[in-house]
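Below: one structure, written as structure tokens.
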Amino acid sequence: MATFSGPAGPILSLNPQEDVEFQKEVAQVRKRITQRKKQEQLTPGVVYVRHLPNLLDETQIFSYFSQFGTVTRFRLSRSKRTGNSKGYAFVEFESEDVAKIVAETMNNYLFGERLLECHFMPPEKVHKELFKDWNIPFKQPSYPSVKRYNRNRTLTQKLRMEERFKKKERLLRKKLAKKGIDYDFPSLILQKTESISKTNRQTSTKGQVLRKKKKKVSGTLDTPEKTVDSQGPTPVCTPTFLERRKSQVAELNDDDKDDEIVFKQPISCVKEEIQETQTPTHSRKKRRRSSNQ
């Protein structure tokens, strides 16, 4: 059995005389086939999706929208600083008709306790670089310089940092002196003595403030209430309170040097008089009972 290898040769006609005409017909047929394929190619459609839950990833959203039709490209917008999703994405379907159907059906759809907003984007508004690097997997942004600066250092590493700052400070001062600029700026490294003095000052000021507060509180507790506000609540009329009021009235009268005479009656005598007035009623009742008997 003979085996054929290599690419297929050109199509030849059975009659060698009609070979030229046959090749022209073949070329025309091929053009028609290519034109039909171009006409059959579907125009893609892009859908703008909004109000997406923050916990969803690209793979989950891609698999969810792929049930409507073939998804050619997909992009979920994320923050460059944190890497978290911004809540909106762009989905490109193979056919424009499918994209319009998805936008109509999924608009105002309750998805993860949120109402989705889906809008069809016309091809004029779609940017060329909208789906740039869409197939590259997402990686959380890392800041090595920040991690390096915030890491815990040993004493030797701290001393090295201080030496570097001192060298930079010297170079700056030399450059300014060469250019004839008289400019004094604070040192890049704070001295320990200054920090200790500041802490001592802060503690002393705090102690003084606390002492003043204590004095104010003690003064308010020791001072008795000598006066009574007219607009305030009425005090309870106890015997001691009445005697105090009478003595105050007497002092005021003495100061004015009036000739009026004030009779001070003790409260006990008033009680005795009330008891004496009440006793005859009991005696009359007893007399009536004895007379009836």
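Each residue, glycine too, has its Cβ placed from N, Cα and C.
Annotated features, as they stand in Swiss-Prot:
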type: COMPBIAS; residues: 197-207; note: compositional bias 'Polar residues'
type: DOMAIN; residues: 45-123; note: domain 'RRM'
type: MOD_RES; residues: Ala2; note: N-acetylalanine
type: MOD_RES; residues: Arg114; note: omega-N-methylarginine
type: MOD_RES; residues: Ser145; note: phosphoserine
type: MOD_RES; residues: Ser218; note: phosphoserine
type: MOD_RES; residues: Thr223; note: phosphothreonine
type: MOD_RES; residues: Ser230; note: phosphoserine
type: MOD_RES; residues: Thr234; note: phosphothreonine
type: MOD_RES; residues: Thr238; note: phosphothreonine
type: MOD_RES; residues: Arg245; note: omega-N-methylated arginine
type: MOD_RES; residues: Ser247; note: phosphoserine
type: MOD_RES; residues: Thr279; note: phosphothreonine
type: MOD_RES; residues: Arg284; note: omega-N-methylarginine
type: REGION; residues: 197-239; note: region 'Disordered'
type: REGION; residues: 226-269; note: region 'Interaction with MKI67'
type: REGION; residues: 271-293; note: region 'Disordered'
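Taking the features listed in Swiss-Prot, we show where each one sits on the structure.
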residue	record	CB count, 10 Å
Arg114	omega-N-methylarginine	14
Ser145	phosphoserine	8
Arg245	omega-N-methylated arginine	13
Ser247	phosphoserine	11
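Calculated from their C-alpha atoms, the gap between Ser145 (phosphoserine) and Arg114 (omega-N-methylarginine) amounts to 38 Å. Cα separation, Ser247 (phosphoserine) to Arg114 (omega-N-methylarginine), rounded: 79 Å. Each residue of the domain 'RRM' (45-123) gets a DSSP state, and the totals for helix, strand and coil are 19 helix, 30 strand, 30 coil.
Cα of Arg245 (omega-N-methylated arginine) to Cα of Arg114 (omega-N-methylarginine): a span of 74 Å. The average pLDDT for the domain 'RRM' (45-123) in the predicted structure is 90.
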